């Protein structure tokens, strides 16, 4: 493939997305806002109810969490969130969550691609199985994985002689977090693939692009925001996961102890302020990640000429 056809492909894709032509700006945010108010009866009332509901359901409990952590002085807060045992739990939690989210990013895209682009017997069953981690109680998932991967489990008993141990190690935590996080990537990417413009792919193929070039230059840019969203949701979900992990992690301090379990330990010791401090660190980290992902999505939409 020479450089000229590739440049032609890029120009065609950009032109189709409206980046190669002068676009007349919209009437302005004020006109858009007025149209929205006319279309939605009782706009101010519904907006007020929405903000009140979100504030009551989300902001109020989170505010209580941070207020509880303020019972500690700053030196006490730093000590509570930076002891060696806590730092080890952070490494296990965030490291395992990141690895699991990356695995789900790759295989979630693969599963979504198969469900959208191929027809085969049992497709509906496979599609339903994707949602199973959503419906399955996390404790049941943990017990199932422990029975499967434990030293006497169906698979674990064959791995132990090979020197491979998954249960009661950080590797087992990654397996559990991958299990509960897969649907987030699949269900965010799947509808975007279904709505993808096949005409662009056909045009790229007619220009001589290889399948890999079509995927990299046409398909991937359009599904990247959905991939980022699925990755962020899978990571945030994994950071706070407890039920499916404690049965397979081993819960050994400094080795396979996760932060949510450490929070529970502090609650059992009636150290509510210390538990709130650890929880606030998890919350702040997840929020910053989601904020960064939203920023990347906004930048990409602007880059592709879409509406922010």
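Cβ atoms here come from the backbone N, Cα and C positions, even for glycine.
Whatever TrEMBL says is automated annotation, not expert-curated.
TrEMBL assigns the feature transmembrane segment to residues 218-236, out of the candidate ranges 199-217, 218-236.
Sequence-distant contacts of the transmembrane segment (218-236) (same chain, six or more residues past either end, CB-CB distance under 8 Å): 9, 13, 97-98, 100-102, 104-105, 108-109, 181-182, 184-189, 191-193, 196-197, 200-201, 204, 209, 286, 289-290, 293, 296-297, 300-301, 304. Residues 92, 95-97, 99-101, 103-105, 107-109, 111-112, 115, 130-131, 133-134, 138, 141-142, 145-146, 149-151, 153, 156, 227, 230-231, 233-235, 237-238, 241, 244-245, 248-250, 252, 255-256, 258 of the same chain, all 6+ positions outside the transmembrane segment (167-186), place their C-beta atoms under 8 angstroms from a C-beta of that stretch.
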